[in-house]
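Since the structure comes first, as structure tokens, the remarks are kept for the end.
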Amino acid sequence: MIRILTLLLGLTLAQGAQAQQLANRLFGAQDAPSRQQPMPVGSYARGCAAGLVQLPESGPTWQAMRLSRDRNYGHPELIGFLQALSVAATQVGWKGLYIGDISQPRGGPMTSGHASHQIGLDADIWMLPPPRLNLTVRERETISSIPVRSADQRSVTRNWTPSHHALLRAAASDDRVDRIFVAAAVKIEMCKTARRSDRAWLQKIRPVAGHDTHFHLRLKCPRGARLCQTQTPSVAELSKGGDGCDETLTWWVTDYLNPPKPSGKPSKPAPRAKTPREFTMADLPAQCVDVLNAR
Ligand SMILES: [Zn+2]
């Protein structure tokens with residue numbers, strides 16, 4: 001009896017200690033997915049993921065890049081989606097896709113880069129149309145993607161082509177996709193060139209800082225994924241039901257680049273929220289402890 005009590009106390013203490021540890025260290029140290037039913041847990045930027053699967057390093061129409069990072073794991077629905085999208089890429093004239101970071105083997109916050117990509121439903125896709133799909137492991141560490149946005153952030157570069165537009169349109173038209181993040185200049189260009197009669201998908205293309213050499217694709221919570229937190233506001237709310245080619249988009253190439261002088265009294269800065277890199281296990285949904293410790 002005493003032994004059991006000591007054991008239980010030990011477990012509780014161990015869990016208590018784990019709760020205070022940095023989540024990105026613990027999740028970053030995992031080298032295999034949990035053998036659990038696939039389940040995104042929490043939100044894209046605060047969560048973890050059970051039962052992820054690895055995107056094979058190479059396929060007929062894709063290659064996973066930067067393998068040393070060990071971030072080519074995703075929810076089975078996302079992995080299937082990416083493989084299908086790489087086939088769709090051949091229809092716009094590409095050989096396939098170079099796929100960047102997805103998630104760590106059990107998701108969770110990362111020690112470097114991304115705030116999101118935590119629940120196995122986000123993936124970065126290179127803007128570089130693959131010149132070939134037999135890159136060596138070493139080449140995949142060293143080659144770089146190409147910028148499709150100018151250094152001054154105001155326009156697209158010559159690297160942007162109609163095939164990029166067609167690929168993004170194909171991705172955004174899929175019902176499983178929640179949103180796709182691109183540089184504002186990319187969205188501005190797409191607003192100009194999208195056909196008038198076919199713009200509903202544009203709502204899902206969202207401007208964001210950075211993202212000049214890749215686009216970031218995000219799937220909705222899969223059906224029945226009860227621990228997955230749907231993102232709010234939705235893209236429909238953000239664009240008031242329109243295509244998002246509005247003043248909130250032009251803001252990125254006006255006030256964002258040249259902030260107007262503040263008028264009136266300076267307001268007190270809001271208290272800074274924790275960044276995902278500062279999350280402890282206690283900051284994540286409770287189920288992430290099971291995901292971390294599962295076999
Ligand atoms: Zn990303």
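Placement of Cβ uses the backbone N, Cα and C atoms for every residue, glycine included.
Looking at the candidates Cys221, Cys228, Cys245, TrEMBL gives Cys245 as the cysteine bonded to Cys191 by a disulfide. Taking the C-alpha positions, the distance from Cys245 (disulfide bond) to Cys228 (disulfide bond) comes to 29 Å. Under 8 Å, Cβ to Cβ, and six or more positions away along its own chain, Cys228 (disulfide bond) finds Met39, Pro40, Val41, Gly42, Ile119, Leu121, Cys221, Pro222. Neighbour density around each Cβ, counted as other Cβ atoms within 10 Å, peaks among the disulfide-bonded residues Cys191, Cys221 at Cys221.
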